[in-house]
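Asks: Mind looking over this structure? Questions follow.
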Amino acid sequence: MFGGAHELSIDSKGRLAVPAKFRDILSRLYTPAVVVTLESKHKLLMYPVAEWEKVAAQLLNLKVADNPVLRRFQNLLLHNAEILEWDSAGRVLLPAGLRKRVDFDREVVLVGRANRLELWGREQWEAEMVQALDDDPDELAFQLGQTDLQL
């Protein structure tokens, strides 16, 4: 599974050099390609193709007829999904349409999150980390107590 955060830069042609650690996981456990899609104006998601197929099936099974918010989210992920393959230098070309929709440009953080990768603008990632570290630990403990999660 994917883990860790890597500060990277998108080059002038829109290419991202994916760390060897992530490429190795993909080639050992999956195929050497990813599906990239837009989750929000703050980040792109990258899934191994096999994991994306599971997510896409779940998205297609969502009951969205009476829920415009869920329908828009479903459409956002499904309509923007594209398969990317590495070049010989281990880079992927991020589609121009997706780059245009996110509010980051060159300085990014590629984060491993279990079965996927997340591409954040560096400023947004830092703000997210500051917020997470500033959250009230008692409130977090209470919220975690309402779940089945055991750390």
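Using N, Cα and C of the backbone, Cβ positions are placed for all residues, glycine too.
Per Swiss-Prot, domain 'SpoVT-AbrB 1' is recorded for 5-51, and the stated evidence type is sequence analysis. What Swiss-Prot records for 81-124 is domain 'SpoVT-AbrB 2'.
Could you tell me the structural context for the features on the list?
Replies: In the predicted model, residues of the domain 'SpoVT-AbrB 1' (5-51) average a pLDDT of 96.
For the domain 'SpoVT-AbrB 2' (81-124), the list of distant contacts is 1-11, 13-20, 22-23, 32-39, 41-49, 51-52, 56: same-chain residues at least six beyond its ends, Cβ to Cβ under 8 Å.
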